[in-house]
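Working notes, structure below.
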Amino acid sequence: MAFAPRGPKASFFDVLDQHRASLLASLRRGGGEPAGGGTRLASRFEDSVGLHMVSHCTTRKIKSDSPKSVKNFALILKILSMIYKLVQSNTYATKRDIYYTDSQLFGNQTVVDNIINDVSCMLKVPRRSLHIFSTSKGLIAGNLRYIEEDGTKVNCACATAVAVPSNIQGIWNLITDAKFLLIVEKDATFQRLLDDNFCNKMSPCIMVTGKGVPDLNTRLLVKKLWDTFHIPVFTLVDADPHGIEIMCIYKYGSMAMSFEAHNLTVPAIRWLGLLPSDIKRLNIPKGTLIPLTKRDQMKLDSILKRPYVACQPFWRKEMEIMADSKMKAEIQALTFLSSDYLSRVYLPNKLKFGGWI
């Protein structure tokens with residue numbers, strides 16, 4: 001054993017172990033989620049991959065002799081030359097490093113980010129193959145050890161969380177006994193679970209947060225953990241359209257990064273909480289709920305129309321409950337029941353009795 005378990009009795013994880021067995025059986029069959037449909041958009045949904053780019057998608061041309069696109073063409077050439085030098089010298093740079101080589105020329109960081117994504121898509125290679133990394137904002141904690149590319153040994157089973165590495169491809173010798181991986185939407189919730197000693201109480205487990213919309217490295221890490229260990233992966237997000245969107249990015253990917261879906265998505269992810277149906281079931285008072293804004297309603301309608309929702313009837317039902325109630329709830333609403341209700345009651349019961357969808 002890599003770690004000494006200090007969590008609940010082994011029988012606590014019976015349902016989790018059954019869930020993992022069903023995931024492994026599905027992998028052996030070469031399957032993913034229940035069969036889903038497709039769409040004629042530039043990104044197509046495939047149940048075992050998520051949103052991925054189709055070969056006949058619409059393309060955009062940038063001409064060197066066009067006054068409208070000459071600057072963008074020049075910027076692309078400049079970044080391509082920098083990428084060439086990085087690859088030739090076997091060195092790496094962050095997107096921020098590239099921006100600061102000539103911040104006045106680029107104007108803002110978004111310009112650099114978009115060009116790097118375009119180059120990655122055009123060449124059909126992952127961004128790390130361009131020798132460009134983005135600075136990680138995510139955190140990881142729990143039953144996990146690994147060695148970084150430079151030989152640094154990292155132990156995530158500490159009182160404080162560890163920053164997600166910038167070079168996920170470079171980490172090796174990953175070791176864990178974890179029964180599950182919990183993706184936490186918000187840093188505040190993640191820190192509260194750390195303060196409540198959740199990782200030890202539910203040991204062995206791993207927790208990850210992307211601090212909201214996840215960056216590329218956090219998504220790559222979740223994917224690497226799934227590919228390496230095939231343990232159940234759950235999400236803990238707010239019961240609102242924004243939280244559902246973040247969960248969908250981990251599970252199915254995004255349109256912007258659909259060309260790299262095979263390296264980023266984990267369709268085996270399950271929604272653990274906060275479910276809209278939990279609000280009524282737990283008698284959370286209306287005073288702690290928040291009305292959906294017009295923007296929320298538009299986001300929810302957009303998600304309900306996506307192809308992957310067709311093969312997730314339980315997800316659709318939860319979103320329809322939210323739409324009908326016209327209310328949303330943050331995870332912090334559970335503190336009305338007790339200050340440590342999330343870590344002491346809600347999550348343990350969900351994990352023990354299979355309260356995920």
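Positions of Cβ are set from backbone N, Cα and C atoms, glycine also.
According to TrEMBL, the protein has these features:
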type	residues	note
DOMAIN	2-43	domain 'Meiosis-specific protein Spo11'
DOMAIN	71-132	domain 'Spo11/DNA topoisomerase VI subunit A N-terminal'
ACT_SITE	Tyr100	active site, O-(5'-phospho-DNA)-tyrosine intermediate
DOMAIN	180-351	domain 'Topoisomerase 6 subunit A/Spo11 TOPRIM'
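Around the Cβ of Tyr100 (active site, O-(5'-phospho-DNA)-tyrosine intermediate), the number of neighbouring Cβ atoms within 10 Å comes to 13. On the 0 to 100 pLDDT scale, the domain 'Topoisomerase 6 subunit A/Spo11 TOPRIM' (180-351) averages 93 in this prediction.
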